[in-house]
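K.L.:
After the structure tokens below, expect a handful of questions from me.
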Amino acid sequence: MVLGLFWTTSPRDSENLKIKVPEKRKTDDNDQIKELKKAKLETKALKAKRPGFTDERYQETSYFMENGLRKVYPYYFTFTTFTKGRWVGEKILDIFSREFRAHPAEEYERCIQTGTLTVNFEKVPIDYRLKHNDLLANIVHRHEVPVTCQPIKIVHMDEDIVVVNKPASIPVHPCGRYRHNTVVFILAKEFNLKNLRTIHRLDRLTSGLLLFGRSPKKARQMEQQIRNRQVEKEYICRVEGVFPDGIVECKEPIEVVSYKIGVCKVSSKGKDCTTTFQKLSQNGSTSVVLCKPLTGRMHQIRVHLQYLGYPILNDPLYNHEVFGPQKGRSGDIGGKSDEELIRDLINIHNAENWLGIDCDSDISMFKTAKDEADRESLSSEHTSVVHHSDDDGCVNSRETTPPCTEAQQSENSVKLIERTNAVKEYPLVAQKSSSDSCPAPLDAVELPLSAGGCNVNKVTVDEHCYECKVHYRDPKSKDLIMYLHAWKYKGPGWEYETELPNWARNDWDQLDSA
């Protein structure tokens, strides 16, 4: 470096050194800028080498239908993340032991020594010190969360756009514990619709219209229409109580209480937004309401309905007494501060395995120790042009990255496992062999068995994977849905509409969905 050259000059040149100090500092600054640019270029190059949605990825596992659910055979997957600034210079084992508290240091040491946890795809010693741009890769035995087996219906398709009717419970893109059980993967694997561009998003539990661009140009065009508020959106929901007659307009500003757990509230400090509501029918205790969001704030429809005192009937987040005895009506959250609300939300989730979790809105921060580790590493893979929110609070298409495979647990213990981004699931008995990999649930099956059940020959079992040793009771159909549906979208020269869901019918009976 320049500094070294100065120190090796003659005594006479030392006089010049004093004069050249400002130039040396300037040179050092330039060197730092060059190094930073070089690091960024290296990062881009490494990202370019990281696998995306290739045919190999689509074929890494397959589905089977069981008990009205779409399930994914467990498979091996490599999570990757770049070294964070605070990790530089630290030993890899120290970092994982301290920041990823899912497992004891011995488990991370095993992963490093066996080569399932690598740096730049190379095996390293446990005392390896992390450097800028080091790419950490971790091979895990991945178990995905089941979703409904209801089919994704094509509403419209041409050379520029694909419009589908998304069933509730299926996330739009890979995130958290969902990858193959997502709309983009199902469309690619079953309809050969690949490289779709996301134009907007829906919550996992929300059903209805979902638009994808088949080209970057079309996706940008439609995204611009949404941003310029040229698109009229109509949603249908079923709310608690008898909604007032006539047009009801709510213009209360909405503030994000926490991006990390994906929770909002009405607040004077929030962003301006407007939603109009109109009752379509009621049965004495619930009402079907037409919702027209004129803006696209996070969870806008749900928060405005909560404020009006008519929350969505089965909204697991905003129809909950965690918001106080009035459940947030007229902004009354029981006098809680934001910190207290966040604390109570997390405590309730831990106690009830609460269903407010939604990967699209980063609400997956309600996590166990393992899940806290998950959020530290994010791997972007999905082709996304925009991050526009349709009452969903979605973020970039990402996948949380667990640090390593699950630690081995006692085979005879039965523990409550809180799966991130999942509905209620209850472990039943410890698993001892591959023949036990697809147990029948103990609950009475409400939905008929779908054809093509679990093929034990396709099940892989990893001796170090804890989830391989635990059976989960299947979620019930009522746990896979929220009564909010994206019904109609209309823009310049185009309009799409889906059929109404069963819960929006006039003769709907709540007991039928219990």
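Just so it is clear, glycine is given a Cβ too, placed from its N, Cα and C backbone atoms.
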K.L.:
Suppose you had to name the range TrEMBL annotates as region 'Disordered'; which of 22-43, 374-395 would you pick?
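P.N.:
It is 374-395 that TrEMBL describes as region 'Disordered'.
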K.L.:
Please spell out the DSSP helix, strand and coil residue counts for the domain 'Pseudouridine synthase RsuA/RluA-like' (160-306).
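P.N.:
Secondary-structure composition of the domain 'Pseudouridine synthase RsuA/RluA-like' (160-306): 28 helix, 57 strand, 62 coil.
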K.L.:
I'm checking region-level scores; what's the whole-number mean pLDDT for the domain 'Pseudouridine synthase RsuA/RluA-like' (160-306)?
P.N.:
95
K.L.:
Just to be sure I understand the packing, how many Cβ atoms besides its own are within 10 Å of the Cβ of ASP203 (active site)?
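P.N.:
Counting Cβ neighbours of ASP203 (active site) within 10 Å gives 28.
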